[in-house]
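The structure appears right after this line, and notes come after that.
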Amino acid sequence: MEDRMINAFLIKYAEIALKGKNRHLFEDALIRQMRLALEKIEGEFQVTKEQGRVYVHCHSAYDFEEAVETLQKVFGIVGICPVAIYEEKGFEQLSQDVLTYMKEHHPGYCGTFKVHTRRAKKSFPMESMEVNAELGGCILDAFPGASVDVHEPQLNLSVEIRERIYVYSQTIPGPGGMPVGTNGKGMLLLSGGIDSPVAGYMIAKRGVQIDAVYFHAPPYTSERAKQKVVDLARLVARYSGPINLHVVNFTDIQLYIYDQCPHEELTIIMRRYMMRIAEHFARERKCMGLITGESIGQVASQTMQSLMATNEVCTLPVYRPVIGFDKQEIVEIAHKIDTFETSIQPFEDCCTIFVAKHPVTKPNLKIIHRSETKLEEKIDSLMEEAIRTTEVITVE
Ligand code: ATP
Ligand code: MG
């Protein structure tokens, strides 16, 4: 579609599910997230709410594709309708403008169509049914191959008569979901893998604002590995809005566990300490839950028994949105949200560096507890140190 005629977008959202006060919260959050997203691209955009509808008005030159792609990442949007706006100067001018619109956007149109007029400006001298009929006639005259079908038209031409005239005929699908900020905040455990960025995206889609924590183990894990996680956070932030990424230096804790505990229990014990530290930052940031990319049975640390052992140390709820997904299903979402290529960059991960040849797949909680008592002497101070030296990187 040509962009020079399009000077606004009508934003459709799932208002049916919204009642009373929730509706305002939903709309306000939607508008806030749209503004945040549009601020990042070239052009002057104004997001407004008029008579219960949300519009983006474009006040300068802009890139149509870029604007649409940006709006397609704002959760809560169900449809994006590119709108051409004309001055309201009576029916004669309206019919000419509608023909101009048709010629620009559907040149030589020869399918079926229907005109749907809404008259919000009651002082306009014709009723909407009359406008439908008259405009339909004009279009039939100008496009001899076209015909009217009011039940299942191939082209639905919407005309809204307000202070100005709004014309649109296309609805581009939005991402659905709920606007970020309508459902509190969660702390994502973000690794450099495929699963956790997808998990973050999925929870953000339910309206949850996200912060993140990444455990690295320099010098065993490199600066590049850390940069990859920062890059992933930035990719997720295109959907979720700004993320405060907590980069925790986990090396001393890992080495201490490695020294003190049976190696086949390393992964589980390490993951329990990750959860404890993540929970600390979750509380500090007023998050109401932790989020991980775990999926039942994917690896040894994700059997039901292992998940139970990891979960045991958490008092906040742990959300695992990909828990029932096969790898392939997670990969498909990773492609859709464009994190896959970054996730597969081959940098070492702190979990794989100290991993045992034969990790326990059915950890026994009593045994894990006993092993953890061997850490009593130093673990509290090591955790305090890790928390104290954590670097926070805000990505947007
Ligand atoms: P992913 O693809 O997300 O890395 P994975 O399949 O590699 O997951 P694990 O390594 O067992 O699985 O990690 C399970 C989950 O634990 C991850 O999805 C992530 O939420 C969290 N996690 C693992 N390693 C780290 C890390 N270094 N920093 C932060 N979170 C991590
Ligand atoms: Mg991983």
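The chain as shown is numbered from 1 upward.
Keep in mind that glycine also has a Cβ here, set from the backbone N, Cα and C atoms.
Model, not experiment: these values are computed from the prediction.
The domain 'THUMP' annotation in TrEMBL covers 65-173. Under the heading ATP binding site, TrEMBL lists Leu189, Leu190, Tyr214, Phe215, Arg271, Gly293, Gln302.
Feature map: annotations from TrEMBL on the structure.
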residue: Leu189; record: ATP binding site; CB count, 10 Å: 23
residue: Leu190; record: ATP binding site; CB count, 10 Å: 29
residue: Tyr214; record: ATP binding site; CB count, 10 Å: 29
residue: Phe215; record: ATP binding site; CB count, 10 Å: 28
residue: Arg271; record: ATP binding site; CB count, 10 Å: 23
residue: Gly293; record: ATP binding site; CB count, 10 Å: 25
residue: Gln302; record: ATP binding site; CB count, 10 Å: 21
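When secondary structure is read from DSSP and collapsed to three states, Leu190 (ATP binding site) falls in the coil class.
Restricting the average to the domain 'THUMP' (65-173) gives a pLDDT of 95. Residue counts for the domain 'THUMP' (65-173) under DSSP, helix first, then strand, then coil, are 38 helix, 35 strand, 36 coil.
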